[in-house]
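According to Swiss-Prot, the GTP binding site annotation covers 12-18, 40-42, R303, 329-331, 407-409. Swiss-Prot lists D13, E14, G15, K16, N38, A39, G40, H41, T127, K141, T239, R301 with the feature IMP binding site. Feature annotation from Swiss-Prot assigns Mg(2+) binding site to D13, G40. Sequence annotations record features per position, and here Swiss-Prot assigns active site, proton acceptor to D13. Under the heading active site, proton donor, Swiss-Prot lists H41. Per Swiss-Prot, the feature substrate binding site maps to A297, V298, T299, G300, R301, P302, R303.
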Amino acid sequence: MPSIVVVGANWGDEGKGRIVDFLAENASASIRFQGGNNAGHTVVNDFGTFKLHQLPSGIFNPDCIAVLGPGMVISPSALSEEIAEVKAAGVNVKLCISDRATLCLPLHALEDTLEELRLGDAAYGSTRQGISPAYGDRVMKKGILVGWLNQPDVLLERIQFMLDWKMPQLKALYPSCDFSQTAEEMTQWLLDVTAPWRAFICNVTEPLKALQKQNANLLFEAQLGAGRDLVYGEYPYTTSSNVTAAYAGIGSGLPALRPERVVAVAKSFSSSVGTGTLVTAMEEQDNFRESANEYGAVTGRPRDMGYFDAVATRNGVELQAATEIALTKIDCLSGMKDLKICVAYDGDHSENPIWPQTAALSPVYENMQPWDEDITGCRTFDSLPIAAQQYVERIEALMGVPITMVSVGPEREQMIIR
């Protein structure tokens, strides 16, 4: 297990945190390489139940260093709260936080919110955490680097530089913008709120390269899924970073990374939160959503529910260059009477559609045999009902990539290894 990258094959919420927590038992470092406080990875283990937003899911392994890579945008107060939460549960926190990561400030969250309000019905469905504005500032060379927290004079200078550029634009575009903090006030707030983790700031490339030389096990964790990738997702209803395995090296501080394994995590049905097209959307979603507990980990918004979309998932698996698949939440399908898989799209532009072409597509379904048994206690593939085995095998055939893990519940031990 020298290098494993865990990524999403769908639109996020596939259960990556659960898979990373399972794999982290043998990892020397668990690395987040993109995103920020805009999505949550739910982890259930001996410490409790956690919805991690910025900390890597391997934080619970006492022998594992948790790394926040340079490709991230870090919300400072939220990270402090997250660290306090896991510490309170008895976790020994071992962190390395990249000095090249970008800070996601309350001003960015305000800008994000004002833009969603301005867009009205055309809004992107943002979590309003400030992710897009923070990445935008980075691209415009106005971002605030994490490393400047240890250089207060530089921090103050760069915040003033950003405000001089940003505030006239915000006040012109959003008349209701009432942000009034000075650069001095923002600097002091940042120094206060980051006190719990400033000592962990470093050039993360050095410890990671040292671990590579030792042939240590490195575990890379993506946020969201291929369908939300900035380049290959359903633009403009995407996130603002690259969520593919190809970005793991760049975003983690190891640009020359060549991972041995890429695990694409796919849910056994489709779900999506935010704006965009879910081709396989169910007509009646409420009961299934409730039983599967499908609500956004950050916003609590109900996720749109659909049947397994083999077309979108295969596209995600290919984009991720996956060597294997982890299939999650198959236990939620027990008792479903109408079980089917979308094997193709019908309509114009059915091959590699870009929005809004996706909205005109209709699914071509293949009916599957349902099962009623409770499978949460199954620990081997052969112990699953025949219909459940056939469901997994059919998805595997459609993907062209082996399904090596099947989860039948949220607990660590509820994992079937094939």
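Every residue gets a Cβ built from N, Cα and C, even glycine.
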Minimum Cα separation from R303 (substrate binding site), reported as the residue among binding-site residues D13, T42, T239, I330 that achieves it: D13
Cβ contacts of R18 (GTP binding site) (under 8 Å, same chain, 6 or more positions away): H41, T42, V43, V44, S57, T328, S407, P410
Whole-number Å value for how far R301 (substrate binding site) lies from N38 (IMP binding site) (Cα to Cα): 13
R303 (substrate binding site): secondary structure state under DSSP, collapsed to three categories: coil
Secondary-structure category, per DSSP, in which H41 (active site, proton donor) falls: strand
Largest tally of Cβ atoms lying within 10 Å of a Cβ, found at which of the binding-site residues G12, G15, G40, P302: G12
Using Cα positions only, nearest of the binding-site residues to V408 (GTP binding site) (D13, G40, T239, R301, P302): D13
Cβ neighbour count within 10 Å of T127 (IMP binding site): 25
By Cα-Cα distance, the member of binding-site residues G12, G15, R301, P302, I330 nearest T127 (IMP binding site): R301
